[in-house]
Amino acid sequence: MILPIVAIVGRPNVGKSTLFNRLVGRRKAIVDDMPGVTRDRNYETVTRFDVPFILIDTGGFEPESSDRLLQQMREQSRLAMEEADVILFLMDGRAGLNPADVEVVEMLRRVDKPVFFVVNKVDGETLEVAASEFYSLGVDNLLTISAEHNRGVRDLMDEVVAALPQRTTSPEERNATKIAVVGRPNVGKSSLVNRLLGYERVVANPTPGTTRDSVDTWFTCNKKRYLLIDTAGIRRKGKTTQKIEKYSVVDSLRSIERADVVLIVLNAEEGVTEQDERIAGYAFEAGKACIFVVNKWDAIEKDNSSVGRFVDKIRTEFKYLAFVPIVFVSAKTGQRLNRIMEEVEKVMAQYVKRVTTSELNRIFSAAVESHHHPLVMGRRVKFYFATQVGTRPPTFVIFTNRPDGMHFSYERYLVNKFREAFDFTGTPLRLLFRGRER
């Protein structure tokens, strides 16, 4: 299912980030060595009333002058108008109505999609009265909230969720292995997809996907059905660098949410960038099976240690993805392209793997006996048993007397023991700790 996008726009300091954080909620950091994943994020998948959508905070600019401010607001609103399914235009109830707000409101009146005009920082009756000037705008869907104090936010989200487009997943898509090809612009995603489909000698049946020209292509490999989600078509003429950078990440995010296996495409000529780290981090956080595909390998000068050096670079930059296989290819020459589908089948098998409870507890008991959890508030942590409760990714529940006291390093230790014992290549593992009365 393609997730709808909700964009928050508005001047600096009107509370966009506060509302964004309020809707996203607090999220546990996965590990400390994950640059770009939990820091400086301005997009997130949110679920409200069992409805998932992608939320974007389009802010973060500090212009030098009022003219520059208006220019930034116009550009920001244009991005939202083109890319989002629902727009939240935030204004400051304390500061009052601003001429720049008025101009953007006039622009948003002409948009043929749901727009909510939201007056923020309305914390009490006095400010409610002061905010009445915003009603002079004469717009529908004008709501007052306090993102900081959670006032009116639920009512706002009731309206937003009701306005989201309804999308469904076909039975064919549910039963197929879905592969997302993601990466920043110019890493060679489009060429890679074309080569991959050509190599498999299939007749592609492209289906328009999102408004950013993503394309879904069905194909068959080794008598198995696959859906290839290609996000390569996002760079179009007349689009700004800001849009390319922001929405290439968002488009990848949408594809990742739909996928089982994510091909994270890197450019061998340019190495690993912060945006690569961001996209890979989201794939891991979303619980997807992953493969690193280093493209344009033909374009660099090589010696006997070139592969080893690049592998070391990836392992250094993506310490938390040490379980992800790496394939070096050239979309231009077709070099090693057959390895991609081989790895897809391998990691997919691990992604849906189930292990028996007896085997799991044999490994679990040995791991606990070999290395005890540190004391929590002076008390010993006891473990009772483990069981697998799900796949995509493999998910395990561990029963203990201190489910709230688990140290992240011990959780990582158990994950590594499970991975080593059961060969969970290419897939993240999820551990859930629950209490049990004795």
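The backbone N, Cα and C atoms fix where each Cβ goes, glycine too.
Going by Swiss-Prot, these are the annotated features:
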type: DOMAIN; residues: 4-168; note: domain 'EngA-type G 1'
type: BINDING; residues: 10-17, 57-61, 120-123; note: GTP 1 binding site
type: DOMAIN; residues: 177-352; note: domain 'EngA-type G 2'
type: BINDING; residues: 183-190, 230-234, 295-298; note: GTP 2 binding site
type: DOMAIN; residues: 353-437; note: domain 'KH-like'
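In three-state terms derived from DSSP, LYS189 (GTP 2 binding site) belongs to a helical segment. Comparing LYS189 (GTP 2 binding site) with THR58 (GTP 1 binding site), their Cα atoms are 26 Å apart once rounded.
The number of other CB atoms found within 10 A of the CB of VAL122 (GTP 1 binding site), across every protein chain shown, is 25. Cα spacing between LYS16 (GTP 1 binding site) and GLY183 (GTP 2 binding site): 27 Å, rounded to the nearest whole number. Mean pLDDT for the domain 'KH-like' (353-437) in this predicted model: 93.
Nearest neighbour of GLY183 (GTP 2 binding site) by Cα distance, taken over the binding-site residues GLY10, ASN13, THR58, VAL122: THR58. When secondary structure is read from DSSP and collapsed to three states, GLY10 (GTP 1 binding site) falls in the strand class. A simple way to gauge crowding: the CB of TRP297 (GTP 2 binding site) has 23 other CB atoms within 10 angstroms, across all the protein chains here. Of the recorded residues, TRP297 (GTP 2 binding site) and THR58 (GTP 1 binding site) place their C-alpha atoms 35 Å from one another.
Taking only the Cα positions, the spacing between ASN13 (GTP 1 binding site) and ASN186 (GTP 2 binding site) is 34 angstrom. For the pair ASN186 (GTP 2 binding site) and THR58 (GTP 1 binding site), the Cα-Cα distance reads 23 Å. According to its DSSP assignment, TRP297 (GTP 2 binding site) is helical.
In the domain 'KH-like' (353-437), helix, strand and coil residues by DSSP number 32 helix, 22 strand, 31 coil. A sphere of 10 angstroms centred on the C-beta of ASN186 (GTP 2 binding site) encloses 14 other C-beta atoms.
The Cβ of ASN13 (GTP 1 binding site) has 14 neighbouring Cβ atoms from other residues within 10 Å, across all protein chains displayed.
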